[in-house]
Amino acid sequence: MALVYQPMMQLSGILFSLLGWVLSCLTTYLPQWKNLNLELNELEIWTMGLWQACVVQEEGGMQCKDFDSFLALPPELRISRILMFFSNGSGLLGLLVSGFGLDCLKIGERQQEQKKRLLLFGGMLIWISGITAIVPVSWVAHSTVQEFWDENIPDIVPRWDFGEALFVGWLAGFCLILGGSLLNCTICSTEVHPSSVHYAVAEQQDRCQRLETETRP
């Protein structure tokens, strides 16, 4: 059973990790981290991301403007840039390292201990990538909620709301954590090597042969 489930868990872990990494990269560059609907002009929707602010008009499409200075950004956006870059980098490195530790890869087939270490290290990197993807998304969401319910801001001032990129980032972090956990679980599972299987089959055949010779008249 371990021979069947272990490669399937490794493949599932790699697929979830790859999906999470792609979504994490997409979250980094999406401009919809925050949305703002103007009551005076319902035909315009303002969005803000880590790199630019955009306005979506019903007739003119989307127009975006990059932020002029990194230091002029709010603290949550500055830290979110750094964390998302770290998440994307560690996720990519984890995928590459884990790939060399897969059982289905014939390279280094005789060095099982080293492949275990590679798979464990890659799974930990992917797991860390998921955490560092969830932290900035949750931080921006928390600051958005605080600003939305801030009683010191007059009611006539428009409030920012959650953007689609936050939900994509949460999904990315969940997939990365799940993928890294699956890869690490395969190391903890009981392994059955092919040599032991062949030895057990040969021993069973010898027993059958001895039983046949004893039962012959």
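Note that the numbers count up from 1, one per residue, in the order the chain is shown.
Cβ atoms are placed via backbone N, Cα and C, with glycine included.
Curation plays no part in TrEMBL annotations; they are all automatic predictions.
Annotation source TrEMBL lists transmembrane segment at 12-30 (among others).
Taken from TrEMBL, the feature transmembrane segment covers 82-105 (among others).
TrEMBL lists 117-142 (among others) with the feature transmembrane segment.
TrEMBL lists 162-183 (among others) with the feature transmembrane segment.
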Hey, which bits of the same chain come close to the transmembrane segment (12-30), Cβ under 8 Å, at least six residues off its ends?
49-51, 84-85, 87-88, 91-92, 94-95, 98-99, 102, 123, 126, 129-130, 133, 137, 163-165, 168-169, 171-183, 186
Go through the chain and flag residues at least 6 beyond the ends of the transmembrane segment (162-183) whose CB is under 8 A from any CB in it; none is fine as an answer.
9-10, 12-24, 26-27, 30-35, 47-49, 87, 91, 94, 98, 119-120, 122-131, 133-134, 136-138, 140-141, 144
